[in-house]
Amino acid sequence: MDPNMVNAGEMNGSGNLMDFLDEPFPDVGTYEDFHTIDWLREKSRDTDRHRKITSKSKESIWEFIKSLLDAWSGWVVMLLIGLLAGTLAGVIDLAVDWMTDLKEGVCLSAFWYSHEQCCWTSNETTFDDRDKCPQWQKWSELLVNQSEGASAYILNYFLYILWALCFAFLAVSLVRVFAPYACGSGIPEIKTILSGFIIRGYLGKWTLLIKTVTLVLVVSSGLSLGKEGPLVHVACCCGNFFSSLFSKYSKNEGKRREVLSAAAAAGVSVAFGAPIGGVLFSLEEVSYYFPLKTLWRSFFAALVAAFTLRSINPFGNSRLVLFYVEYHTPWYMAELFPFILLGVFGGLWGTLFIRCNIAWCRRRKTTRLGKYPVLEVIVITAITAIIAYPNPYTRRSTSELISELFNDCGALESSQLCDYINDPNMTRPVDDIPDRPAGPGVYTAMWQLALALVFKIVITIFTFGMKIPSGLFIPSMAVGAMAGRMVGIGVEQLAYHHHDWIIFRNWCRPGADCVTPGLYAMVGAAACLGGVTRMTVSLVVIMFELTGGLEYIVPLMAAAVTSKWVADAFGKEGIYEAHIHLNGYPFLDVKDEFTHRTLATDVMRPRRGEAPLSVLTQDSMTVEDVETLIKETDYNGFPVVVSKDSERLIGFAQRRELILAIKNARQRQDGVVSNSIVYFTEDPPELPPNSPHPLKLRRILNLSPFTVTDHTPMETVVDIFRKLGLRQCLVTRSGRLLGIITKKDVLRHMAQMANQDPESIMFN
């Protein structure tokens, strides 16, 4: 008999869960797919590993260097994540820019230039026609040598739709064939993974590659979606890839989740050019377990990612985002009223969007619609392209639209939104233009924006959740920015024409620049994004990092809080929580309150009338008995008791580890046969002289499983599951085992109490 196996179970007296360090067989401590990790056990294993490294580091210089490398590995992983996430974000931005313009025309001097880059390099560009240069040709000019007229318009229209369909078809085919997990925004799944659930392949290399490529395609196709949410998924894939290179993270699921939390921060950092907003987003919105150490590492990863993106400079404006703005006028107290109204609009839009989108996604899951994902994408893309092309505000990419809506009208702006009637005797500094009456261009822009707003609201409901990468941040911001800009122009014209009203008299004299419509667009964007995702702190920080507007924090805060209050009045769930529930992921939300007066005995299994609990005894079962029990049941683990009669609890053994231990013993140990006795005690039981070798499995026994009594209130049990991240909890009375409560039992019970179908909780 292998002496290692006999001595394997000797516990040191420090009360640690398992002496797992020199693992006697591989794969112990890993988890099956779609199972929940045991946070307590992972933490304990990491403590043991750390203790061993520290004690060894005093033995030799080499061991000391190894301990230093181990301590630094966390920072190295963060550096690598930041570099890769920043690089990928820069490449995606550049590719999207080029492919979006490809739908309208091509650069003759270098086909890989976007419209803007093409005209930058041209010497024949004038300031007034800075978008026109001979090197850039629309498809109609290139193919039929006409730039104006009905035939040119129809040809451009047709090619716009054709390119959009090509991009979308290619994207959905790649996702379907190579990486089904690359669809959607990825944030609901990442929240679930960070709460301790295992979804193998969700953060794999194929998912990373396909999501990066298809993200470029779908954003370029002009669909109503953004790249910001998926960039968080991409960054987490980078985090998972780099953590698999270091055994400290690859062998410990709890530690791996710390890396993924920091990667999520890096993802938001490059998506919005908002490093601090990214850290707060990870803390407020995605992470489940966020120790202080992870906060610093997230900060570092976000910093490196933002720095990398800034080095690539994808937009050529030395900024991290397309819609960077600077406003020159302060805001006034009277403007808080329209800001709060925008907050109310954001909350109502958030509620409407979540309800309609979830209803549509549920329909997709339960009807034949779900069987034709490619057709669905093609149809939605065709509808989007056909309706979007005639309206200049929906034809361009959504990021450019937001950029234009945020913009303050300077003297050099050529946008329709800035077509005001100028006073001929105006002699004022360029950046402080007084309020002016709106010209015909502004009125045209207003009704075009109103149509674009209705279109965006409707089409986004059907787009989010299709089998392609799709983010929600940008469409939500676009809806809010359009509404906000329209309100802003309304307030501006009101102030201009009625400056003698009491509300305007104090702060808006004739000839002064009082109202900035772009600021209203920014506040509206924040309100709508808050209404959909229910973010507050991180949202405000992201918005002011995006726009560089520090003095506008109060309007942003007012709008964000109002939109959250209004949306919460109709339902507490944000879009990500709603999708988690729709997909049936086992996610215990920290924000949910459990207020029912039930006890552990009401939830534990077995219930009255059910078969008794499947248990192992400490020294009276044979290998064959254990194998039969494993074969006939599908439980994740089994409580170990002294005997079937006494039912005094000793510990808990995981199913996977039992299977591995028995398989390993049969291969390596002589004399272990089907009728060998399995024992979990320190000393082998007394056996008759000719009996086969017993098998000692104390090594895999968890001697301190979490237990509660049968009269523990469920409120406490739910809290324990949430805060300690348990997989299961045993129910005892006076040391006797009565039953077991698993995380899924808790989720089922919570669904039942909320009058939902308890079976909808299972991962589907």
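Using N, Cα and C of the backbone, Cβ positions are placed for all residues, glycine too.
Database features (TrEMBL):
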type     : residues : note
TRANSMEM : 72-96    : transmembrane segment
TRANSMEM : 157-179  : transmembrane segment
TRANSMEM : 199-219  : transmembrane segment
TRANSMEM : 231-247  : transmembrane segment
TRANSMEM : 259-283  : transmembrane segment
TRANSMEM : 336-360  : transmembrane segment
TRANSMEM : 372-389  : transmembrane segment
TRANSMEM : 445-465  : transmembrane segment
TRANSMEM : 472-491  : transmembrane segment
TRANSMEM : 519-544  : transmembrane segment
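Between the transmembrane segment (199-219) and the transmembrane segment (72-96) there are 3 or more Cβ pairs closer than 8 Å, counting only residues 6 or more apart in sequence, so the two stretches are in contact. The transmembrane segment (259-283) is not in contact with the transmembrane segment (445-465), judged by fewer than 3 CB-CB distances under 8 Å for residue pairs 6 or more apart in sequence. Counting Cβ pairs closer than 8 Å and at least 6 residues apart in sequence, the transmembrane segment (336-360) and the transmembrane segment (472-491) reach three or more and so form a contact. Between the transmembrane segment (72-96) and the transmembrane segment (445-465) there are fewer than 3 Cβ pairs closer than 8 Å, counting only pairs 6 or more residues apart in sequence, which means the two stretches are not in contact.
Long-range neighbours of the transmembrane segment (519-544) within the same chain, counting only residues 6 or more positions beyond its ends whose Cβ lies under 8 Å from a Cβ of the stretch, are 268, 272, 274, 276-278, 280-281, 283-285, 325, 327, 331, 338-339, 342-343, 345-351, 353-354, 402, 405-406, 472-473, 476-485, 487-488, 491, 550, 552-553, 555-557, 559-564, 566-568, 573-576.
Only residues 6 or more beyond the boundaries of the transmembrane segment (157-179), in the same chain, are considered here, and those with a CB under 8 A from a CB of the stretch are 99, 102-104, 139, 204, 206-207, 209-211, 213-214, 217-218, 220-223, 373-374, 377-378, 381-382, 384-386, 389, 395, 466-469.
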